[in-house]
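Participant: I have a structure I would like to understand better, so I am pasting it below and will then ask my questions one at a time.
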Amino acid sequence: MNSLDLPKPPHETRVVVAMSGGVDSSVVAGLLKREGYDVVGVTLQLYDHGAATHRKGACCAGRDIHDARAVAETLGIPHYVLDYEDRFRESVIDRFAESYLSGETPIPCVECNRSVKFRDLLGLARDLGAEALATGHYVASRARPEGGRALYRALDPARDQSYFLYATTPEQLAYLRFPLGERPKDETRALARELGLAVADKADSQDICFVPQGGYADVIAKLRPEATRPGEIVDLDGRRLGEHEGIIHYTVGQRRGLKLSAGEPLYVVRLEPETARVVVGPRAALATRRIRLTDLNWLGDGAPEDIAERPVAVRVRSTREPRPARLSWNAAEACAEVELLVPEDGVSPGQACVIYADDDPRAQVLGGGTIRRIGALQAGAAEAA
């Protein structure tokens with residue numbers, strides 16, 4: 001087996017590298033080229049990059065396409081740019097807007113990986129005769145003894161991106177490779193300099209790529225003018241406390257920007273899109289113990305329907321560490337349910353809940369799903385309050 005767990009020697013193995021124009025994917029292309037693989041670089045143009053060409057912290061924009069092409073020239077590998085704007089708009093941006101209108105807090109990077117990068121790009125790699133698609137994500141995969149691959153948290157905990165990749169299917173995972181999963185970020189930048197790549201000191205992408213300076217509400221309002229429908233801000237008992245200019249300006253757990261005069265700090269507890277109401281309450285009302293998941297993607301052994309009550313660790317936000325929980329299967333509703341052993345604040349519908357085998361820094365990713373606003377979620381908040 002070669003370094004990618006593939007049977008042929010590197011010079012007989014074609015690998016497509018998804019090149020975003022950043023340092024991570026550029027280093028992946030450089031490392032594989034240096035090892036002798038037949039490397040082909042592909043960059044996706046995902047949105048109208050005119051306004052974002054010179055914006056720092058974005059990805060897949062005009063500057064990034066230029067950088068990816070320059071890296072490919074330095075490495076001496078073929079490079080293709082594909083226009084995926086229409087697919088990205090339909091699969092990611094439109095869904096992002098609809099999710100916010102429904103009172104949810106979506107994670108567009110998860111949907112982009114699931115619906116665009118790992119579906120369409122993987123198919124393209126196969127069409128190009130590649131035996132693997134490699135990316136610059138910080139996540140690890142290892143061969144299973146029985147076949148296929150398993151997903152694990154990255155070596156560098158500060159860079160671990162497993163939260164955003166839980167929706168990778170077993171079939172996709174078998175074809176994908178993540179060469180940076182066992183490397184720290186500092187080593188990646190050092191390798192970029194060693195390889196002579198101009199992007200060695202380029203800043204990492206931070207924002208949602210199609211949202212300038214984090215102003216997601218402006219993007220949604222432009223796509224869906226009805227999103228700015230005003231409404232009431234009420235307390236847990238339904239008493240009117242103030243007004244707002246659209247629920248898209250709020251998310252569960254938010255405190256700033258409420259502009260309310262109250263004797264205690266108030267937080268957004270839930271959003272009611274049907275009535276255009278923002279419900280606020282004390283911090284205790286944010287505590288959630290039970291979560292129901294839809295769109296479950298299962299990467300563990302067996303079928304999710306066979307889960308009785310399994311101890312796991314879950315992450316409900318990308319910035320939080322996995323916490324102990326119990327996972328079970330609700331046969332009546334055909335969905336997974338998670339019971340948090342310690343209540344979590346600010347759990348929002350639309351976010352991802354990622355399931356790990358345990359809370360070890362290198363734990364296996366068992367899968368995950370989308371958190372939905374249902375009775376069980378609100379009941380958990382009420383119990384904690």
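Residue numbers in this text run from 1 along the chain shown.
Note that Cβ sites are derived from N, Cα and C of the backbone, with glycine treated the same way.
Sequence annotations record features per position, and here Swiss-Prot assigns active site, nucleophile to Cys112. Residues or ranges marked as active site, cysteine persulfide intermediate in Swiss-Prot: Cys209. What Swiss-Prot records for Ala18, Met19, Ser20, Gly21, Gly22, Val23, Asp24, Ser25, Leu44, Gly136 is ATP binding site, and it gives sequence analysis as the kind of evidence. What Swiss-Prot lists as disulfide bond is Cys112-Cys209, and the listing cites sequence analysis. The site 'Interaction with tRNA' annotation in Swiss-Prot covers His137, Gln351, and the record cites sequence analysis as its basis.
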Participant: Give me the count of other Cβ atoms within 10 A of the Cβ belonging to His137 (site 'Interaction with tRNA').
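Facilitator: A 10 Å sphere around the Cβ of His137 (site 'Interaction with tRNA') contains 26 other Cβ atoms.
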Participant: Specify the nearest of the recorded positions Cys112, His137, Cys209, Gln351 to Ala18 (ATP binding site), where nearness means the distance between Cα atoms.
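Facilitator: Result: the closest of the recorded positions to Ala18 (ATP binding site) is His137.
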Participant: For the ATP binding site, please report the maximum Cα-Cα distance among Ala18, Met19, Ser20, Gly21, Gly22, Val23, Asp24, Ser25, Leu44, Gly136 in Å.
Facilitator: 16
Participant: May I ask for the distance between Ser20 (ATP binding site) and Cys112 (active site, nucleophile), taken between their Cα atoms and rounded to an integer number of Å?
Facilitator: 13
Participant: Under a three-state reading of DSSP, tell me whether Cys112 (active site, nucleophile) is helix, strand or coil.
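Facilitator: DSSP assigns Cys112 (active site, nucleophile) to helix.
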Participant: Of the recorded positions Gly22, Asp24, Cys209, which one sits closest to His137 (site 'Interaction with tRNA') when you measure Cα to Cα?
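Facilitator: Nearest by Cα distance to His137 (site 'Interaction with tRNA'): Asp24.
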Participant: For Gln351 (site 'Interaction with tRNA'), which residues of its chain lie six or more apart in sequence with Cβ-Cβ distance below 8 Å?
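Facilitator: Set apart from Gln351 (site 'Interaction with tRNA') by at least 6 residues yet with Cβ under 8 Å, we have Glu104, Thr105, Pro106, Ile107, Val316, Arg317, Thr370, Ile371.
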Participant: May I ask you to report the DSSP-based helix, strand or coil state of Ala18 (ATP binding site)?
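Facilitator: Once the DSSP labels are grouped into three classes, Ala18 (ATP binding site) ends up as strand.
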Participant: Quick one, of the recorded positions Gly22, Cys209, which Cβ has the fewest other Cβ within 10 Å?
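Facilitator: The recorded positions Gly22, Cys209 were compared, and Gly22 has the fewest Cβ atoms within 10 Å.
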Participant: Using the alpha carbons only, what distance in Å do you get between Cys112 (active site, nucleophile) and the residue listed as 'active site, cysteine persulfide intermediate' once rounded?
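Facilitator: Pair distance, Cα basis, whole Å: 11 Å.
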Participant: How many Å lie between the Cα of Leu44 (ATP binding site) and the Cα of the residue listed as 'active site, cysteine persulfide intermediate'?
Facilitator: 12
